[in-house]
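Take a look at the structure set out below.
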C-alpha cells in the first residue's frame, strides 16, 4: 500500500492523515534544525554577547531539559490515555505551537543572560512536550508499511528546503521565516481542534480509530517488545551513538570557517543545491532500505556511512598537511555532500523507528525515550565532549580522527555483536538438534 | 588557492606509477601554483599547477609528472617525463634523456630538442579507427560471453538467484548498488593516499570490476533465457554479447542513455551484493499491514 493507493481508493481519511503528519513533522523538524540549532548560537553570541562556550553550555542545558520534559510528558500521555486520543494530541500540539510562536517572536528581542536563560527554559518545555505528542501521531496517521517512505519524505523536504532556500544564519532571519510559516500552522491547528468544522470532524473521527490497526509497530508485531528489554534499549543506544557521532563531528565542522563556508554556508547556490540534492537522495535511499532490511542492517549502514564520511574528511586534512600548497581539505564539496547523505539516512530511520518500536499504549513513552535519549541526550553529551576537546585545544584533524574512530568502533562492534548473536543461535539450534 | 577535486585521482595515478617504478613517494615534491625554476629534484616532481621551468644550462635528475599547469624544459632532464594533464614543452636545444609519455594534456617538442623516446597515447575512442574500436568491443563481448557461458554451466542457480533480485527487487538492488558502488569506489581511491593501503586499494578496485563483470554475466543469462537458443550456456553467452552491445549503443543516446546505463550497472551491482554472488536469495524484510 502506498500513499498513492489511498488516493486511488478514495480513502481521504488516510490521505489526510499522511498529509497532516508530514506537514507537522516537517515544520517541527525544520524549526529544530534551523531556528533552535543554528539561530540560538547567533542569539547568544551576537545579541546577548555571551562566549561561544557559554552558549554551548546553555544549548546542552536545553537538550537535557528537553529530554527530561519529554520523558515525563511521554509517560503521562500513556498513563492518561492521551496517546490513543488523537484530539487530545492535536490540542497539545496547538498549545505547543502557540507557545513556540510567541518564543520565536520574542527571541530577537532577548539581550540579557537571564532573559536568554528564561527563553531556553520555556523552549525546553515546549520542545519536550511537543515531540512525543507529534511522533505519536504516527499511530493515527501513518500505516505501518508507509512509515519508511513517509519518514523519507519528511527528511527530504526538511533538509532539501533548509539547504536550498538561502537563509542567513541569524536569529532575526530565522525568526522572520518561522513566524511566516507558523502563523498559518497555528490557524490550521486551531481549525482542527475547534470542533466546529463538520468535514474536518468527519476526517478526525475517521483517523481517531486507526490506532487500533496501525498502533502496533513493525518491530512489535511478532513478539512484544518491553521498554526495559534489549529489543528496545539496543536501538536506543545505537541511535544515541549515531547522534553522538554526528553531533560531535558537526559541532567542530561548523566552527571551522574553511569547512562551513565552502559547504552549508557557501555563497554558491550550486553548492547548496548539491547538498540539498544529497539530502534528498539520502532520504530516498533510507526509505528504500528501511522497508527492505531489518533494523540491525540499517544501523550497520548508518555507521558504515559515517565511517566513510569521516575517512573522507580526515583524508583530506591529512593530504592538506602533507601537501600544504594543494589547498585540499577545504574546497571539496564531496565531503559535505556525503555527510548530508548520511545525515538524511539516519534522520529517516529516526522518524520511522520509534513508532515502529511502540504499541498504541506505549507510543508516548517510547518515542520520548527514543528521541529524547538518542537526539537530545546525545546532543547534550556531545556538546560537553566538544567543549572539553575545545578547552584542551585539540586540533581539527585530531578531533575528526576521534569521531572517525568512534564511528569505526561502532560499525565494528555492531558487526561483531550480530555475528556473536548468530553464533549463539546456531549453537543453541545445534544443541537442541543433537541426540 | 584551492586545487580542484579532479586532481586527486591524478595524484593517485602518479603515486601508483611512482611506486611501480620503485620511486620513493615520501620524497616526492608537488607544485600547485606560482612560477618555479627547478635546478634539482629529490626523486620525483609533480606539476599540479602553476609553471615549472628547467632552465637552460641546468640538469635535473628524476621523474617528472605533469597533472596540471605547465612544465617547460629549456635545460636537461635525466629521467622520464609523464604528462597526464596540463602541458609540457621541450624547447629548442633542450634534452629529455628518458621517455616523454604524453598520456593526456599537451606535449610539444621543438625541432631542435632531443627526447629519448616520445610516446603519445590517444585514449579517446574518436581517435581510434572503427576497426580498432569494434575489434576492442568484440574482444570484450567475447570475453564476457565466455565468462557467462562458463558460469551458466557451472553456477546456473547462482546466476538465477542474482537475476531474480534484478527482476523482482530492482529498486532495492539499485539503491544498494549505487550506494555501495559509489562509497567503495571513493573509499578505495582514498585508501591509496595512505600509501600503506595502496595494494588493498588496487585489490579493492579489481574486486569492484569482478562484481561488475559478474553482474554483466547475470544480465547475459537473463537475456539468454529469452532468446530462441536451446542450450543454456550458448544462450547466456549470446545474451551477454547482446547486453554489452546494447550498453554500448545506449552510450550514444545523450543524457537518457547514460542514465539507463548507470541504473543498469547500479541494479546489477546491488543484486550481486544482496544475494552474496547468488549464494543466497534476497528476501526483503516482512512488514505487516
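Quick reminder: no glycine exception, Cβ is built from N, Cα and C everywhere.
Listed in TrEMBL:
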TRANSMEM  A:12-33  transmembrane segment
TRANSMEM  A:53-76  transmembrane segment
TRANSMEM  A:88-110  transmembrane segment
TRANSMEM  A:116-138  transmembrane segment
TRANSMEM  A:150-167  transmembrane segment
TRANSMEM  A:173-193  transmembrane segment
TRANSMEM  A:230-253  transmembrane segment
TRANSMEM  A:273-291  transmembrane segment
TRANSMEM  A:298-317  transmembrane segment
TRANSMEM  A:337-355  transmembrane segment
TRANSMEM  A:367-389  transmembrane segment
TRANSMEM  A:401-420  transmembrane segment
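Among A:150-167, A:173-193, A:273-291, A:298-317, A:367-389, A:367-389 has the largest number of CB pairs under 8 A with the transmembrane segment (A:116-138). Highlighted: of the candidate stretches A:12-33, A:150-167, A:230-253, A:337-355, A:401-420, A:401-420 has the greatest count of Cβ pairs under 8 Å to the transmembrane segment (A:298-317). Contact check: the transmembrane segment (A:230-253) against the transmembrane segment (A:367-389) gives at least three Cβ pairs closer than 8 Å, residues 6 or more apart, which meets the contact criterion. The recorded stretches the transmembrane segment (A:367-389) and the transmembrane segment (A:12-33) do not share 3+ CB pairs below 8 A when only pairs 6 or more apart in sequence are counted, and are therefore not in contact. Long-range contacts of the transmembrane segment (A:12-33) within its own chain (CB-CB distance under 8 A, at least 6 residues past either end) are made by residues 3, 6, 93, 100, 127, 130-131, 134-135, 137-138, 140-143, 146, 150, 153-155, 157-159, 161-162, 178, 181-182, 185, 192, 203, 206-207, 210, 347, 351. Counting C-beta pairs under 8 angstroms (sequence separation of 6 or more), the transmembrane segment (A:273-291) fails to reach the transmembrane segment (A:53-76), with fewer than 3 such pairs. Count of Cβ pairs under 8 Å against the transmembrane segment (A:150-167): among A:53-76, A:173-193, A:337-355, A:401-420, the largest is for A:337-355.
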